[in-house]
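What TrEMBL annotates here:
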DOMAIN    B:50-152  domain 'Fumarylacetoacetase N-terminal'
DOMAIN    B:158-427  domain 'Fumarylacetoacetase-like C-terminal'
BINDING   B:Asp160, B:Glu235, B:Asp267  Ca(2+) binding site
BINDING   B:Tyr162, B:Arg176, B:Gln274, B:Tyr278, B:Thr384  substrate binding site
ACT_SITE  B:His167  active site, proton acceptor
BINDING   B:Glu233, B:Asp267, B:Lys287, B:Thr291  Mg(2+) binding site
Number of protein chains: 2
Amino acid sequence: MLAGTEKAFQRGAAMSMTNDFSKELAAASDPAKRSWLASANEPRCDFSIQNLPFGIFSDARDAAPRAGVAIGDAIVDLAALRSAGHLSLDADEDVFARPSLNAFIALGRGAWRGVRVQLSALLDAACPTLRDDAALRERVLVPMQGATMHLPVDIPGYTDFYSSKEHATNVGSMFRDPKNALLPNWSEMPIGYNGRASSVVVSGTNVRRPMGQLKLPDQDRPVYGACRKLDIELETGFIVGNGNALGEPIACGEAEDRIFGMVLLNDWSARDIQQWEYVPLGPFNAKTFATTISPWIVTLDALEPFRVAQPEQTPEPLPYLRHAGAHAFDVALEVLLRPEGAGKATTISRTNFKHMYWTMAQQLAHHTVSGCNTRVGDLMGSGTISGPTTDSFGSLLELTWNGTRPLELESGGTRTFIADGDELTLAGWCQGEGYRVGFGACVGKILPARG
Amino acid sequence: MLAGTEKAFQRGAAMSMTNDFSKELAAASDPAKRSWLASANEPRCDFSIQNLPFGIFSDARDAAPRAGVAIGDAIVDLAALRSAGHLSLDADEDVFARPSLNAFIALGRGAWRGVRVQLSALLDAACPTLRDDAALRERVLVPMQGATMHLPVDIPGYTDFYSSKEHATNVGSMFRDPKNALLPNWSEMPIGYNGRASSVVVSGTNVRRPMGQLKLPDQDRPVYGACRKLDIELETGFIVGNGNALGEPIACGEAEDRIFGMVLLNDWSARDIQQWEYVPLGPFNAKTFATTISPWIVTLDALEPFRVAQPEQTPEPLPYLRHAGAHAFDVALEVLLRPEGAGKATTISRTNFKHMYWTMAQQLAHHTVSGCNTRVGDLMGSGTISGPTTDSFGSLLELTWNGTRPLELESGGTRTFIADGDELTLAGWCQGEGYRVGFGACVGKILPARG
């Protein structure tokens, strides 16, 4: 190991129990930084050396799910790297050998940063440790192609918010009153509801079209049948890294320190089931059949260079929801739809996470203001992310205005809602100068309803 | 051991892997059965030999939470009983030594029944094994007084239903339209919503009055403050014993086989927070600050003799919600309120679980009809249990008609909603001839809001 990177490596390890990583973290996000792994330096690669997202994978060599970090077209096997003596961390021997990241995340931000700084040094183009040691690379670097991704965390609780003003306005216009589309409480708090954690699945899991009660306009009573208005919701989600005890709210200004990182999230929705069931207690069966998340958790440290100001909030939020400074993030987002057998997917929406009215910090502060406790691994969905233009909406409900304006597909045909066999993909990335900090894909294919 | 009980014991053990326990189970619920432990034979004791509910406890002798069964004024330490060689079960050595019942419950109904049958034999007045062995009793029997009860299960998911017709009608009359109090979907499905599992606490845990957004009638904008309309909801909950895979619904007729047992549940509710936040996605902060459950899970086998017909359902439910036979249970329920320092509690409600319109089986079938998966330990609340008369309502909201008809307390003073220092107790039991199958108390005391 050369003196410079050796020093950075050791400093990273030594500092992994403190929070003062400013220099090392800045270096890890340096736009000029390049890796000795060529695939990581491709301008459109999601997994640049500036990213280093965490996930859980298995492969043909070892069927046991374990922790990894994505770099280019490969995965760094953290358990293998640590047992090879190249990753220093004050933690249980098996912390990276477990089937979820929860134990690692529970170590706290100092540990997350320590690992980020060490990996950034090891993967740097100038660091020979892995670059020049084929046998070591063989042990610790796994090709992404052929690896199986698993849910990155055990999710003790899943909450979904409703924080896009454009989305709430669109839905209010369609189903309530276009003149008073936003309900009075919407501008005062990040409205949210409890989701179903059991049915959160990882990208690539097929999703079966749900059965349920539908109320057809020409009939007095509901019928039992397959959902006819199956939809996506383009969302992001954040993973709680440091929860709070029951009765001890998290202050808005401290909330970001509690967040480990972000994923893409598809909140599959059965619009017809939802419309019939949701009054007065909110969506239930319309949402509980599946929620898909992307497998890589992009840390807030990796997202830091892409921090931007949130939209102006009027009226000014109550004091418990105030935080100084910029708390939105510039994440480009896309939705792609590919019919079964089609060679080409159609990009049906392009939008950006920065449009969100309420910030993640405000969501977490509001969630806990009553004293509600949160736990490591809790998943908090942003709510559908719709932009200001008709091609930037985050659901088919809005893109086709409840089915009245079908979308043309590049592979031929049209769509109002999702057809059997359709594969829906969410993509998202922060665009740096010549590199990306990306999320990888969040994919799900729809299987026909059960008999 | 006498020949008769020895035989029953061995039969229980041998059959613990099958479901054919009809004779043994009938004997365990025989109203004439008495225990050698005198306290279990008191007519008003919740924990008769016919009951045998499961819980997790610790005590001064051993601070490690472990599994027990309640009998009279004592707890049978299942881990100790098994290691003493008096409880046969085909399971991991430490299945009863864990801090939750999940691993035991996951063994399935055959195992639950095997343990029930063996304990029923061992605790029978005629069985000398424990009765005549003071040293063995000392090892396996723990005084309830002085023991600490813990949450009986790790709860991966908590769902709350809304299945009392009287409650839904009362709420609809108060907040919507008295002439159309029941919404059209209510009579077609057991309406439910996802609750927050993280804040489910065991009986005896103090509950802090929540802070949050309140919309006062004389102000344009909400204020941040302590809840002024703090309420209880008298509910029961059932614990899922055998979940279903994603995409594979549970048929209504098979749903009861998936249920391990029942607890009492207090769904604490901040009515003012709820009223402002709940449109359109349902209750959130108004409910997430705490939900209290009783520590003992009463099995469906123990409840079997108290099975009664559910109310007639009109219109007839859709086929996926139909089940032949009786699926309600006759459980007497009470709510008691004791102000801080008062010697005497006032019984503010008396009602019965048998009034519930939708059954537990229908709730579970509906929950999974979309394909939503459930897991061992999932908690499903009944919804507020209100009877037909004004003194049988299950919430202060209804008992005081949103604060307009204050309740007189026997210790002096009145209540509309809960005051700081008030201790609220739910009690419930099935009344047999000369014995009870009871739930024990579900207690919580309200602490003042955090400044």
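Here the Cβ of each residue, glycine as well, is placed from N, Cα and C on the backbone.
Predicted automatically and left uncurated, TrEMBL annotations should be read as such.
Recorded features from TrEMBL, shown on the structure.
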residue  : record                       : CB count, 10 Å
B:Asp160 : Ca(2+) binding site          : 28
B:Tyr162 : substrate binding site       : 22
B:His167 : active site, proton acceptor : 27
B:Glu233 : Mg(2+) binding site          : 27
B:Glu235 : Ca(2+) binding site          : 30
B:Asp267 : Ca(2+) binding site          : 26
B:Gln274 : substrate binding site       : 21
B:Tyr278 : substrate binding site       : 22
B:Lys287 : Mg(2+) binding site          : 27
B:Thr291 : Mg(2+) binding site          : 28
For B:Arg176 (substrate binding site), the number of other Cβ atoms found within 10 Å of its own Cβ: 14
Cβ contacts of B:Thr384 (substrate binding site) (under 8 Å, same chain, 6 or more positions away): B:Tyr162, B:Ser164, B:His167, B:Glu233, B:Leu234, B:Glu235, B:Asp267, B:Gly394, B:Ser395, B:Glu398
Cross-chain proximity of binding-site residues to A (CB under 8 Å), evaluated over B:Tyr162, B:Glu233, B:Glu235, B:Tyr278, B:Thr291, B:Thr384: B:Tyr162, B:Tyr278
Nearest of the binding-site residues (B:Asp160, B:Arg176, B:Gln274, B:Tyr278) to B:Lys287 (Mg(2+) binding site), judged by Cα-Cα distance: B:Gln274
Length of the line joining the Cα atoms of B:Tyr278 (substrate binding site) and B:Thr291 (Mg(2+) binding site), in Å: 18
Integer Å distance between the CA atoms belonging to B:Asp160 (Ca(2+) binding site) and B:Gln274 (substrate binding site): 15
Reduced DSSP assignment, B:Thr291 (Mg(2+) binding site): strand
B:Arg176 (substrate binding site) to B:Asp160 (Ca(2+) binding site) - Cα separation in whole Å: 21
Cα distance (Å, whole number) from B:Thr291 (Mg(2+) binding site) to B:Asp160 (Ca(2+) binding site): 11
Confidence summary (mean pLDDT) of the domain 'Fumarylacetoacetase N-terminal' (B:50-152): 97
The domain 'Fumarylacetoacetase N-terminal' (B:50-152) - residue tally per DSSP class, helix then strand then coil: 35 helix, 22 strand, 46 coil
Listed in sequence order, residues not in B:Glu233, B:Asp267, B:Lys287, B:Thr291 with Cβ within 8 Å of the centre of the Mg(2+) site Cβ atoms: B:Asp160, B:Gly195, B:Glu235, B:Leu265, B:Asn266, B:Trp268, B:Ser269, B:Ala290, B:Gly381
Where B:Arg176 (substrate binding site) falls in three-state DSSP terms: coil
